[in-house]
Structure formats: structure tokens, C-alpha cells
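First comes the structure, then the notes that go with it.
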Amino acid sequence: MAKDDSSVRCFQGLLIFGNVIVGMCGIALTAECIFFVSDQHSLYPLLEATDNDDIYGAAWIGMFVGICLFCLSVLGIVGIMKSNRKILLAYFILMFIVYGFEVASCITAATQRDFFTPNLFLKQMLERYQNNSPPNNDDQWKNNGVTKTWDRLMLQDHCCGVNGPSDWQRYTSAFRTANNDADYPWPRQCCVMNSLKEPLNVEACKLGVPGYYHKEGCYELISGPMNRHAWGVAWFGFAILCWTFWVLLGTMFYWSRIEY
């Protein structure tokens, strides 16, 4: 392949452009995954307590992949500009490894969406909220995290339980075991608060008088951010994989035509 051929120069330009896009996508993927693992909504304790926080694992892999894609895109551009077979061979080998990691990250993130069900968070809430009799320190840590997260959610987002206040009445729970039903039909955080973060009317809240307790459940406030992040990591990753596939294919064709 003659390096001074105008068609070759044009093809090189296309491949360089393709790698520039790959590098930019890598930076964007890293930024997205950093935003996700920074846990802006402070929901990680709920996932940690389920012993299945694979979505965070997928995001960490995405961060690694994003950085690698940026670095490898630079390597690919150098190899294309110099028409160096050895540099491009190293580029292919490393890119295929990174490609495999990103496939794993995307599949993990996409499949985790079905994991975020109401029953998952309901079971966890009933077992761990205000549970002060854990079998070991690890469970105590998880129970404390779940309790603090639920307290914050119910206070901050004006909701109660997973599906609503009836969760605390309908099912057996650690909270029900520790508290009298008449005094605590549901946690105080379910009550409408005044400016001092105190129940507006405790008795009315306990009796379930409309306007003095929160009727809405918290499930949408939990699953919404998690699902959005899961789909973001998965589908943006898949889009990057599709683009990278064609860039790799074109670069492999170019590599096969480089003269020894």
C-alpha cells in the first residue's frame, strides 16, 4: 500500500477520526461510571445488604474500560499515522482484551435491571430495618446502613416503606418485633414533619389520619435511579462497542495492506 496515495490518506483520516471518537467515548464512559459509583442518591447500602452489588462492579469495569479506550485510541492513531504494523498489532491485542471486559460490563449492567424488584427491597427492609440482633458484625454493619438509608429516604422524599405504610402492618418485621403496634404502627419518619423535623401530630400520624402521614411508597425513588444508571452503563457501553467494532475492522484491513 503506497503511503502517498490520496485514497490511502483518506482512509487513514477516516480511521483516525474513528479512533478520536473512541477516545472521546472512553472519557465519557469513565465520567458516567464515576458519577454512578459516587452514589449520588446514597442507595449503595441497600444493594450491599442484598449481597448482589454487581451493577457497581459493572460500573467499576466501565471506568477501567473508558480509560483504556482513550489510551488505546491514541496508540491506534500513532500506529495509523506511522503505518507501523507492530504498533497496530499491539493495539489489536490490547483492544480485544478491553473489548471483552466492556462486553462483560454491559451484559452485567443490562441484566441487573430485572433484579431491582419491590419484593427484593421489601424483604430486606423487613429483615434489616432497626434489627439490633444480628448474628455477626457484618450483618450489624448492613443493618445500620439499611436503617440509616431508609430513615433518610422516608424523611427526605416524604414516602413510607416500599409500597406504602401498610408494609409495616401487613408483614412480620424486625421493626414490628422491637416496637409496640399501637405506639409505632410505622416508623416516625413516615409522619409529616414540621420545620424542626418533628412529627406535625404524632397521635394523628399513629391513627393514620390523612395529611399527617405519608401514603406513598419509596420503591420508585429507589429503583428509578438504579435503573437509569444500569441502562446508562449498559446501552452507552453497547453503543461504544458497536462503533469500536467497525473502527477495529477498518484498522485491521488497513494493517493487512501495510507493506513489510
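Don't overthink the numbers, they just go from 1 along the chain as shown.
Just so it is clear, glycine is given a Cβ too, placed from its N, Cα and C backbone atoms.
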Lys86, Ser7 - same side of the membrane according to Swiss-Prot, yes or no?
yes
At a C-beta cut-off of under 8 Å, are there same-chain residues at least 6 beyond the transmembrane segment (230-250) that contact it? List them, or none.
11, 14-15, 18-19, 21-22, 25-26, 28-29, 32-33, 36, 55, 58-59, 62, 65, 69, 76, 92, 95-96, 99, 102-103, 105-107, 109-110, 112-113, 116
Note the mean pLDDT of the topological domain 'Cytoplasmic' (251-260), expressed as a whole number.
85
Mind checking which residues of the chain, 6+ beyond the ends of the transmembrane segment (61-81), have their Cβ under 8 Å from one of its Cβ atoms?
12, 15-16, 19-20, 22-23, 25-34, 37, 87-88, 90-91, 94-95, 98, 101-102, 104-105, 108-109, 233, 237, 240, 244, 247, 251, 254
Let's see if you can do this one: DSSP helix, strand and coil counts over the topological domain 'Extracellular' (108-229), in that order.
70 helix, 4 strand, 48 coil
